[in-house]
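What follows is a single structure, written as structure tokens, with notes after it.
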């Protein structure tokens, strides 16, 4: 079985590592952790490198620990932040912790010999007193050492509260606690976490004379220079209530050709040979974008499940051609209804309305006059068939699965009517 570095380095997933990590991994599997700040009730794609590092750790025989920062979340990590985060209530944090754990279950197994574990650092941070903390942790760090950390230096001009200044000591205590309680010898995180990670290794070394290790992965930007995971609509979330599975799929499908090889290495478990084969296929026929399609299918299936992914793919085919509308199931049309303009009518209303009325109702036409002109130019369709007259009505037998009717204007403008 390959060790963690042997798995991650060829995929360019390692930015930095502490001395001696390779030698330690050569001795056998290791227990490692990643911390997640529970400032929201969902992870987003910007967290996925951390999640994948835990998944690879488990695949390499190690034991992953997910530390949800219920305690540190009440303080706030200054790393990479221009201003202080709002402090969350205990109830908000507990609710977010439960939601994040559920999402992580799609990436790591919580069963078996090296089952993943979830820990909330509030469980040990809430019980430690200030005097005890200063005695057992604070005395091992000089202020000069703490000021030298990039996470602090970047905030000196704008101002940093003592609360955030002390964050690195609290995270260091997390590492020390996990080393003692669970024999955890590795902390992983983004490259902006290097200072916090090394502070933890320093604390273990000074208090116990033991060696523990750190590993960081790169902060990811796209070829266009933008921060990965950000769109015009904001962050791309794993929670389907925040980012629909359809939009999630489209995010990956729209990956720039210059980024797709790297993202396949980062966010899938495909072998390097499989990735090379996809890229070779793409070079032969770039228009089909097989690499982006495989990336989108793989990540969406892992986050939302294979059934939802199949529905999303079928919904995409409806909008971009290549599928039989009559074969589309209710689940597929339900996906579409969440992504394109939609309206609901009763059976009696359907019997009274013409197709022109429906086109106006869903916003595909401003008036019946526009419908007449569009029909003359063969510019409207109903359920994939060119509309011959705006005065026609939709018969119950013409409805698609689930009582849907799909209206189309031109090549790219769609709307759904659902009969209830």
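Keep in mind that glycine also has a Cβ here, set from the backbone N, Cα and C atoms.
Per Swiss-Prot, these features apply:
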- 33, 167, 171: L-tyrosine binding site (BINDING)
- 38-47: motif ''HIGH' region' (MOTIF)
- 227-231: motif ''KMSKS' region' (MOTIF)
- 230: ATP binding site (BINDING)
- 353-419: domain 'S4 RNA-binding' (DOMAIN)
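What Swiss-Prot annotates, mapped onto the structure for a quick look.
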residue : record                  : DSSP class
33      : L-tyrosine binding site : strand
167     : L-tyrosine binding site : helix
230     : ATP binding site        : strand
Binding residues 33, 167, 171 (L-tyrosine) - maximum C-alpha distance in whole Å: 17
Whole-number Å value for how far residue 230 (ATP binding site) lies from residue 33 (L-tyrosine binding site) (Cα to Cα): 26
Residue 230 (ATP binding site), number of other Cβ atoms within 10 Å: 15
Residue 33 (L-tyrosine binding site) CB neighbourhood, other CB atoms within 10 A: 23
